[in-house]
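Student: Before I ask anything, here is the structure I am working with.
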Amino acid sequence: MRVRNKPWAPKLIAAHPELITEDPTQLKGRWQSRFAKPQPLQIEVGSGKGQFIIEMAKRHPEINYVAIEIQTSVIAIILKKLVEAPLPNLQLAHADGQAVTAFFEPHEVDRLYLNFSDPWPKSRHEKRRLTYKSFLSSYREVLKPNGQIEFKTDNRGLFEFSLTSMNNFGMQFEQVWLDLHAVATPEDNVETEYEQKFSAAGPIYKIIATFPAK
């Protein structure tokens, strides 16, 4: 997600270390200390402006969430929302979500969300896709046994690639949607900003898949 530069972003981030970390490696294995109380931990890699993760935190106070976003101006938008309306079960990480094994101990995470990741459509870039086997290996390491990935995209090519990649990795498909909005009600589906804006243009694909226990 590209947004205009927010000159105020670095100052806001620096002013709220209680809500956002710029070095999540320092919290590896002790993320629960950042929350009001220990609870199951779920993370979103690439959180955009935060509509999805904020709504999830509101709906599920019994779960702790970490939103990971690399773009300064984008994560500052999430932070601004949190400053205005605090959520004790949501923390932010200003970092590259591709490095999850540097941020979380093995089996520290219960569920991982990938929403509308960059499809990297050229075949020579397939290793950059967040459902490539090397990323799946990292996710399996930080997720608890039988941990789940929830994946959404509007890109048919990325959807098909992800199905194949997950299947080759030995993952079990719990549910697969070829047109999520044709069957899901607003109560069942928490939308991202991108999804809300572009879902009318074509189908939204979704996968819920589980890693087999080692």
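Cβ atoms are placed via backbone N, Cα and C, with glycine included.
Quick paste of what Swiss-Prot says about this protein:
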BINDING   Glu44, Glu69, Asp96, Asp118  S-adenosyl-L-methionine binding site
ACT_SITE  Asp118  active site
BINDING   Lys122, Asp154, Thr192, Glu193, Tyr194, Glu195  substrate binding site
REGION    124-129  region 'Interaction with RNA'
Student: Could you measure between Tyr194 (substrate binding site) and Asp118 (S-adenosyl-L-methionine binding site) for me? Cα positions, answer in whole angstrom.
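Tutor: If we compare the Cα positions of Tyr194 (substrate binding site) and Asp118 (S-adenosyl-L-methionine binding site), the gap is 12 Å.
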Student: Round to the nearest Å and give the CA-to-CA distance linking Asp154 (substrate binding site) with Asp96 (S-adenosyl-L-methionine binding site).
Tutor: 22
Student: Take the region 'Interaction with RNA' (124-129) and average the pLDDT across it for me.
Tutor: 96
Student: Quick one: which residues besides Glu44, Glu69, Asp96, Asp118 have a Cβ within 8 Å of the S-adenosyl-L-methionine site's Cβ centroid, in sequence order?
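Tutor: Apart from Glu44, Glu69, Asp96, Asp118, the close residues are Val45, Gly46, Ser47, Ile68, Ile70, Gln71, Gly97, Gln98, Ser117.
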Student: For the binding-site residues listed here, Glu44, Glu69, Glu193, which shows the highest count of neighbouring CB atoms within 10 A?
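Tutor: Counting Cβ neighbours within 10 Å, the top one is Glu69.
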Student: I want to check the contact list for Asp118 (S-adenosyl-L-methionine binding site): same chain, sequence separation of six or more, C-beta distance under 8 angstroms. What comes out?
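Tutor: In sequence order, Arg128, Arg129, Leu130 meet the Cβ cut-off.
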Student: Which residues of the same chain, at least 6 positions away in sequence, have a Cβ lying under 8 Å from the Cβ of Asp96 (S-adenosyl-L-methionine binding site)?
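Tutor: Correct list: Ile70.
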Student: To the nearest Å, how far is the Cα of Thr192 (substrate binding site) from the Cα of Glu44 (S-adenosyl-L-methionine binding site)?
Tutor: 11
